[in-house]
Every structure is written in C-alpha cells, then in structure tokens.
C-alpha cells in the first residue's frame, strides 16, 4: 500500500510539473499589451461587443462600464456616426383573470430582429390597469453622477390625460422601479425624445394633438419642467427634436425646412440656424408611418 501511495504521489507531482511547464509555454506566446493601448482598441469596438466583453475580467468591466473618458468617447462616436432609422422594439405581456394583451413600441426600421434581453425585466404589477391608455419608455444619462436611467411615463384614459411616472436606475442594487412625482399632469408625450446634457426633452400635448408644448425631465433630480419653445414647434406636427452639436434643436418641415437651436438651457433662448423653402419640390418628404411597408412609391413630375 505504501508503494502504491508513493507512486500515486509521484504521478500527481509529475503531472503538476507538466501543467506548470505547459502554462509557462502558453504564457510566453501571449503579448502583454499595455493598458492604454487596450483601452484604445476597446474604443473601436461596437457597443454590442463591449457589453459582452464586460465578462472578460473585472478590469475590463470597470473600463467599459465605469470609466468616464471611455464612456464619453463611445457617446461621441455614436453622435458622429448615428445609425439610420434605428429604434428598439419592446414587448410586454400582461395577463389577468379577465384579459390578456400585449403592449409594444413600434420600430422605424424594416429589418426587425426580435431578441430577449436576459436580466431586463419590467415589473408592472400594480401599475397596469384596464384604463391604461398608453405608456412610453425613455432612456436618459446623467453626466454628473454617471448614471443611466429609464423613465416610464404611463397615461390613463379619462377626459383628461392622467400621468404616473416611474424611474429605473441601471446598476441600482435594489433593481426596482421607483414612483416619482410627475410635475406636469394631463399631458401626452409626443415622441421621439432626445437626451442632452442630463435632460430628456420631448414634445407633449394635452388636447390630442391640437397644440403642443415642450417638456424637460432632469435625469439627476428626476423633476419635470416646461421649456419655452418657438411658435413653429408648438403649432406644427411635422417637426422633430434633435441633438444639434450638443444643444437642443428641432427640425420643422411642414412648408419649409427650418432648424432651431436652444443656445442656453437656463435662458431658453432660441435661434434659427437654417431656413429654406421647399415649395419648388426639390426635396420630397415621406411620412415616417409608411416606411414600415416593404415598398414605398414616390410619384413626382419633372417639367
């Protein structure tokens, strides 16, 4: 028995030596890339890959998810090369004893891919009711606290719109939706929204689309506020909020193309940077609702 025990110990120790030798040879094949070069390489990767690569190591997870300069570079890159007609399709299923229905947001792109997101669960128990008219989800970023938040605004059916607001903070240990006070009641958001410098901006209506006003939601303080806006934005349905060189802007395209920019958030002063008539027909606009179809026909006449 002692002899067998000695042979067994010898085999184990020899195997360990071989593993150490193999491990040493394998390590010698790898190149030790400096951290600053690794960061620059990661900055070139798509956002989808960066999310996956957070699992490589704690160091990579910290770089990708917490380093301010790294996050700013990714945001700047996405602003320089924005994706065309991109949106997210979110589907939520609610079932009760009486009814079962689906709620979904509509994507603008025609190439739709339906995927599930592990870990992203919206618990609407106690909030979704039979009188629910609609709801919107808006993604925002607070550059001061370096936090990402999702704001959900629910609208119920009544003679006037009734609002309830909930906020979810990404990477919050509690992982729950918080009910926050909606400071502007009786309004219906008119998307798309835009997040600039820690504030979410969106157009809203309180009379089913007859007149509009501009609303801001401060991502850090989680408070709503009215924003002064030019008459063209208030009166026109055919306008879109944009991020214009880091400032809030909107494009109107009803009878002419115009771009307005809010120079200062505190003073809420606007200036018109583009004003061009399109009455001669050189530019043709298509309603975004028809882009969902496989084929779109544009008929025009050249004299």
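Just so it is clear, glycine is given a Cβ too, placed from its N, Cα and C backbone atoms.
Per Swiss-Prot, the feature domain 'F-box' maps to 27-74.
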Open item on the list: Based on DSSP, tally up the residues of the domain 'F-box' (27-74) by helix, strand and coil.
Closed with: 35 helix, 0 strand, 13 coil
Task: For the domain 'F-box' (27-74), the mean pLDDT of the predicted model - done: 82
